[in-house]
Amino acid sequence: MKVYYDSDANLDFLKDKKIAVLGFGSQGHAHALNLKESGMNVCVGLRKNSPSVEKAKAGGLEVKSVAEAVKSSNVIMILLPDQNQKKVYDEEIAPNLKSGDTLAFGHGFNIHYKQIVPPADVNVMMIAPKGPGHLVRRTFQEGSGVPCLIAVYQDPSGNTKDLALAWAKGIGGTRAGVIETNFKNETETDLFGEQAVLCGGSAQLIKAGFETLVEAGYPPELAYFECMHEMKLIVDLYYEGGLSRMNYSVSDTAEYGGMTRGPRIITNETKKEMKKILDEIQSGKFANEWLNEYNSGSPNFNKLREENKNHTIEIVGSKLRSMMSWLKK
Ligand code: NDP
Ligand code: MG
Ligand code: MG
């Protein structure tokens, strides 16, 4: 598989374009600021009274309404929450798109699940960073970057892949490595990764470990250091050198205990459930469930958020972290 780096991408393809980044949240602020510092002509599209207007202006960016930003640009990146994109697209983006424009996404959800169906004379591409937006920004400032996936969904102008690679370079992605894929594969693997491993799996593993220690009578502060704080230190080793670097760095006791006990935690049953989760993503069942939940006012989502916020690990953790002077508040 070809992996693209800085020398494979040319910023000139974007230099003469007017770029609109819609949204200034986790991904939006990172794309807009990184592209601007890469010398691109960027404006930000936000809703009226958005709390982000001042932040974007403070970053030296021009802010417009979504409709104005679309009208005045020829490359338009939608970095709004996935569940809002269809409504904003129908009401403010679609009526202002011009033939030959390029519509861009940071995740394939709305194209793949047919929530947004762009006109045939508009290019459609994706640049999906494989990391949280705040790290897309921070690593760029540090001189490194977050790996990205790019994809082209439709290409009436014939050079959409060049634009996607230029965008990935402008946000720092080609410093780490860029892979070309399609909207289907990006959407399905991204949802699976966040549900089974990154957000769902890891959070549940941490909580279950923490609860087991606390229920057995150990102090919650100790359980926090063991199950949450140390997780980052271990994951940093995976990030730098894979499983073998982690095993090299921990004690032989930890390595033996981990290799013999780990498979009792993540069992064949767990893998069967992962397969079911993947089936629900592939069939569109998850997407329907999530859009229905959002469109009926997110009752279950809000309840779960509240439960998580009040978990002992969050209360204890916020006290302990407040003493860690190196952590950003
Ligand atoms: P956020 O929730 O962090 O930010 C959303 C932004 O959209 C905010 O600036 C918000 O405005 C704005 N917004 C919301 N509704 C509207 C509206 N109706 N009209 C105008 N602006 C609106 O989103 P993310 O950055 O998390 O996600 C954006 C996209 O990036 C999604 O497709 C997501 O899947 C993808 N992605 C996200 C990753 C991440 O790290 N979070 C990782 C990879 C991809 P306001 O400031 O006014 O509230
Ligand atoms: Mg995602
Ligand atoms: Mg130990």
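Positions of Cβ are set from backbone N, Cα and C atoms, glycine also.
The active site annotation in TrEMBL covers His107. Other Cβ atoms within 10 Å of the Cβ of His107 (active site) number 22 in total over all chains.
Cβ environment of Gly133 (NADP(+) binding site): Gly25, Ser26, Gln27, Gly28, His29, Ala30, His31 lie under 8 Å away, each six or more residues apart in the same chain. What TrEMBL lists as NADP(+) binding site is Phe24, Gly25, Ser26, Gln27, Arg47, Ser50, Ser52, Gly133.
Among the features that TrEMBL reports, Mg(2+) 1 binding site is placed at Asp190, Glu194. Mapped onto three states, the DSSP output places Asp190 (Mg(2+) 1 binding site) in helix.
What TrEMBL records for Asp190, Glu226, Glu230 is Mg(2+) 2 binding site. Here the Cβ of Asp190 (Mg(2+) 1 binding site) has 18 other Cβ atoms within 10 Å, regardless of which shown protein chain they belong to.
In the three-state DSSP classification, Ser251 (substrate binding site) falls within coil. Within 10 Å of the Cβ of Ser251 (substrate binding site) there are 9 other Cβ atoms, across all protein chains. Residues annotated as substrate binding site in TrEMBL: Ser251.
For 1-181, the entry in TrEMBL reads domain 'KARI N-terminal Rossmann'.
Each residue in the domain 'KARI C-terminal knotted' (182-327) has a pLDDT score, and their mean in this model is 97. Annotation comment: TrEMBL describes 182-327 as domain 'KARI C-terminal knotted'.
Counting Cβ atoms from all protein chains shown, Ser52 (NADP(+) binding site) has 16 others lying within 10 Å of its own Cβ.
Comparing Cα positions, His107 (active site) lies closest to Asp190 out of the binding-site residues Phe24, Ser52, Asp190, Glu194, Ser251.
The Cβ of Arg47 (NADP(+) binding site) lies under 8 Å from the Cβ of Ser65, Val66, each of these being in the same chain and 6 or more residues away along the sequence. Long-range Cβ neighbours of Glu226 (Mg(2+) 2 binding site) (same chain, at least 6 residues apart, Cβ-Cβ under 8 Å): Gly209, Leu213. For ligand 2, the neighbouring binding-site residues among Phe24, Gln27, Ser50, Asp190, Glu194, Glu226 are Asp190, Glu194, by Cβ distance under 6 Å.
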